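S.K.: Before I ask anything, here is the structure I am working with.
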Amino acid sequence: MSRLQFQLQATDGAARRGQLSFPCGTVQTPAFMPVGTYGAVKGVLPGQLCDLGAEIILGNTFHLFLRPGLEVIADHGGLHGFMRWNGPILTDSGGFQVFSLAHRRKISEQGVTFAAPTDGAQVFLGPEESMKIQKVLNSDIVMIFDECTPYPATEDVARDSMELSLRWAQRSRDAHDALDNDAALFGIIQGGVHPDLRGRSLDGLQAIGFDGYGIGGLAVGESESERNVILEYLHPRVPADRPRYLMGVGRPEDLVESVARGVDMFDCVMPTRHARNGQYFTGFGTVKIRNACYARDVDPIEPGCGCPACVGGYTRAYLRHLDRCNEMLASMLGTLHNLWYYETLMANMRAAITAGTFFAFRRSFYLARGLDLPPLPEVAGCAG
């Protein structure tokens, strides 16, 4: 039996408010997971992540397998002990990272052979290997090994990729069970931008049986409208008692629009990566701190923000100075701010869903940015 319990607590249109429960903690949904690729969220201590509102984080199977290797992590009893994070952890399967290697990989029925980006050594990764690695990592949510469908792709290419991922899904399920791993196992819905293929993928995954469903193969170059069509198609079809995880999508607008279409979980490197590049998220848009207009600006990043950078009184002028001097404090403060913004955005959406005011929240979200309210189709209960 899986260590995960999911409770759907409220809905407002297609937007869902729920809770993931694990022995090591609970996660309120919709939830955003900071990304700890190498076993750390860049520039942030685990205790700080808790203070920012993060309840679950993501670790990267592919990169942790290559560095430091499973033996080192096993010496610490798993990823929780290795990185000193006591809350739930989701690990991806490595499929997307292998996909990103492009010409350095060879895909077969058995799995993927690739040149390791660390030293060029030939490495093989398949469903069984991915499940064994994630067992050692001892994560709370394990993702199946899949092929990320490229974009653009013809329907034939997308179909072949989806069908391969379904065969790998069955092998992932079998290997996970054989390892007697009580972590939750999520399937991953593939099929590119073709709704009928997404439906066939979901049907196949449901026949196998999973604790939750990732929506993969997005955030790879498709348009926002193409992505939304897929989410609108899937919302009434994914079992309501299973969490839905949109993988790798992370602009604030994307989070709001995806929650409006029934998504429960997100991860993205955007808040941390953008902070390292001098871009800070706020309720009125993005502050690009390298712009000259901030050279003598004595305001915090966002007046009224409760993050350590803003509460601490660090001004835009100071942050711009640090950024121009390549001081690591700029990235650290910016990361704290951006993660606070993301976690607060999720908390505000949860509160709005509970109160039945999500669509008013959505309107005010765009109004504060000076943007037009995007259309929300009157299908599948999405529109309020």
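Keep in mind that glycine also has a Cβ here, set from the backbone N, Cα and C atoms.
Model, not experiment: these values are computed from the prediction.
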S.K.: Quick check on the annotations: Swiss-Prot lists region 'RNA binding' for one of 171-177, 248-254. Which range is it?
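M.R.: Going through 171-177, 248-254 one by one, Swiss-Prot gives region 'RNA binding' for 248-254.
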S.K.: In Swiss-Prot, the substrate site includes D92, S93, G94, G95, F96, D146, Q190. Which of G120, G214, G217, G221 does it also list there?
M.R.: G217
S.K.: Of the residues H274, H337, only one is listed by Swiss-Prot in the Zn(2+) site with C305, C307, C310. Which is it?
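M.R.: The one candidate that Swiss-Prot places in that Zn(2+) site: H337.
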S.K.: If I go by Swiss-Prot, the feature region 'RNA binding' sits on one of 67-71, 107-111, 152-156, 272-276. Which?
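M.R.: Within the set 67-71, 107-111, 152-156, 272-276, Swiss-Prot attaches region 'RNA binding' to 272-276.
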S.K.: From the Cα of C310 (Zn(2+) binding site) across to the Cα of D92 (active site, proton acceptor), what is the distance in angstrom?
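M.R.: Rounded to a whole number, the Cα-Cα distance is 33 Å.
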S.K.: Going by DSSP, is D92 (active site, proton acceptor) part of a helix, a strand, or coil?
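M.R.: For D92 (active site, proton acceptor) - judged by DSSP and reduced to three states - the answer is strand.
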S.K.: Between the Cα atoms of F96 (substrate binding site) and D267 (active site, nucleophile), find the distance and write it as a whole number of Å.
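M.R.: Approximately 13 Å lies between the Cα of F96 (substrate binding site) and that of D267 (active site, nucleophile).
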S.K.: Check the DSSP secondary structure of D267 (active site, nucleophile), expressed as helix, strand or coil.
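M.R.: Note: D267 (active site, nucleophile) is in a strand by DSSP.
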S.K.: Given the recorded positions G94, D146, Q190, G217, D267, which one has the fewest other C-beta atoms within 10 angstroms of its C-beta?
M.R.: D267
S.K.: Counting other Cβ atoms within 10 Å of each Cβ, which of the binding-site residues C305, C310 scores lowest?
M.R.: C305
S.K.: Have a look around H337 (Zn(2+) binding site) and count the other CB atoms within 10 A of its CB, chains all included.
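M.R.: Step by step: centre on the Cβ of H337 (Zn(2+) binding site), count other Cβ atoms within 10 Å, giving 27.
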